[in-house]
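Peer 1: My questions all concern the structure below.
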Amino acid sequence: MAKEKFERTKPHVNVGTIGHVDHGKTTLTAAITTILSKKFGGEAKDYSQIDSAPEEKARGITINTAHVEYETETRHYAHVDCPGHADYVKNMITGAAQMDGAILVCSAADGPMPQTREHILLSRQVGVPYIIVYLNKADLVDDAELLELVEMEVRDLLSSYDFPGDDTPIVTGSARLALEGDQSEMGEPSIFRLADALDSYIPTPERAIDKPFLLPIEDVFSISGRGTVVTGRVERGIVKVGEELEIVGLKDTVKTTCTGVEMFRKLLDQGQAGDNVGVLLRGTKREDVERGQVLAKPGTITPHTKFEASVYVLSKDEGGRHTPFFANYRPQFYFRTTDVTGAISLAEGVEMVMPGDNVEIKVELIAPIAMEEGLRFAIREGGRTVGAGVVAKIIA
């Protein structure tokens, strides 16, 4: 029989499991794939397959992540699970796995623990928009009042980080029982309840192509008789011939007009998210544009120099610094396609930052970058990556 073509008829949503070590994230991931594959097709993955997560690199940082896929009645999900706490921090900060929603796994027997809190905070800082809770190991709790207490604790914790704790779906169950095929409420049915919560609570994400046009400029050429061409990969949206655009970052924002789009030496009438294109600009001089700026739909992105960020500083073993850094440390910040020097200030009471730390910092760049909350960057010293970060809040 011919290999079936991958039919992308259902909308695609990216999710992942978060939560404290040993609360059952990987067991739950195995249970979801196993149980949903029986009903909707797809591939079941067992615990050991997920736990032996392969290494991958994102922004010069090595991360262990397991990727699984599953289907529900209405959607196709791509799901990430990380073996260690440090992998979660790195994954979420580098944006290696952008999540449209997260499944917070919390053991009903233990209640919220330090990493439960840390992962919720991280989700808030890196812009994970929705969290659903799976209260795991509920089969080990005999007292219904105790379950209610843990549920209240989790809701309060979510609310304290500006998630809607009172409205968050909480599914109570046992991933282990579900994996063993148990048909009680705690077993397989809890996985179907979780799938329903995912389907109904996380809205279908806006596709990259439907967002406002943005292209990080990688190179600039001058074509005699035609004008200036900028090249790069369209990050989001669509650009059409004849549209007015803005060039943002590094200098004052200027307006320009797209007079042509080229891909593989062919002229097109438009370029869209994912395309590597050359965009011909009218009335723009070659020397007015440079790598590191962005070409964008007018009014959709602005240049900034000051921001708050959540960063992960590479450990010595990961090829990072061997020594701590202090306030006023001035590395380069690599945004999209270029490095910009900036000065770091630390939170009050924080004397220094050690390699391997995950901290909140404030940054002031020497030149403005087209920026929005959620933008990822690398921290570099002389071309070597020493950290990764995400813009949590723009100051100026």
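Each residue, glycine too, has its Cβ placed from N, Cα and C.
Note that this is a predicted model, so its numbers are computed, not measured.
Summarising the annotation, Swiss-Prot assigns domain 'tr-type G' to 10-206. Annotated GTP binding site per Swiss-Prot: 19-26, 81-85, 136-139, in sequence order, evidence recorded as sequence analysis. Annotation comment: Swiss-Prot describes 19-26 as region 'G1', evidence class similarity to another entry. Annotated Mg(2+) binding site per Swiss-Prot: Thr26, in sequence order. Per Swiss-Prot, the feature region 'G2' maps to 60-64; the stated evidence is similarity to another entry. Sequence annotations record features per position, and here Swiss-Prot assigns region 'G3' to 81-84. The region 'G4' annotation in Swiss-Prot covers 136-139 and is backed by similarity to another entry.
Tell me about the surroundings of these features in the structure.
Peer 2: Remark: Gly19 (GTP binding site) has Lys25, Leu104, Val105, Cys106, Gln115, Thr116, His119 as non-local neighbours, by Cβ distance under 8 Å and separation of at least 6 in sequence.
Mean pLDDT across the region 'G1' (19-26) comes to 95 in this model.
With a cut-off of 8 Å between CB atoms and residues at least 6 apart in sequence, the same chain places Thr17, Tyr47, Ile50, Asp51, Ala66, Asp81, Pro83 near Thr26 (Mg(2+) binding site), listed in sequence order. Secondary structure at Thr26 (Mg(2+) binding site), as computed by DSSP, is helix.
Residues 53-54, 82-84, 87, 90-91, 94, 96, 312, 314, 318-319, 378, 385, 388 of the same chain lie 6+ residues outside the region 'G2' (60-64) yet bring a C-beta within less than 8 angstroms of a C-beta in it.
Listed as Cβ neighbours of the region 'G4' (136-139) (distance under 8 Å, sequence separation of 6 or more from its ends, same chain) are residues 23-24, 27-28, 105-110, 147, 172-177, 186.
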Peer 1: Write out how many residues of the region 'G2' (60-64) are helix, how many strand and how many coil, based on DSSP.
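Peer 2: Tallied per class, the region 'G2' (60-64) gives 0 helix, 4 strand, 1 coil.
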Peer 1: Can you count helix, strand and coil residues in the region 'G4' (136-139) using DSSP?
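Peer 2: Summed over the region 'G4' (136-139), the classes give 2 helix, 1 strand, 1 coil.
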Peer 1: Select the most exposed residue of Lys25, His85, where exposure means the fewest other Cβ atoms within 10 Å, treating these as the binding-site residues.
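Peer 2: It is His85 that, of the binding-site residues Lys25, His85, has the fewest other Cβ atoms within 10 Å.
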Peer 1: Helix, strand, coil residue numbers for the region 'G3' (81-84) per DSSP?
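Peer 2: DSSP composition of the region 'G3' (81-84): 0 helix, 1 strand, 3 coil.
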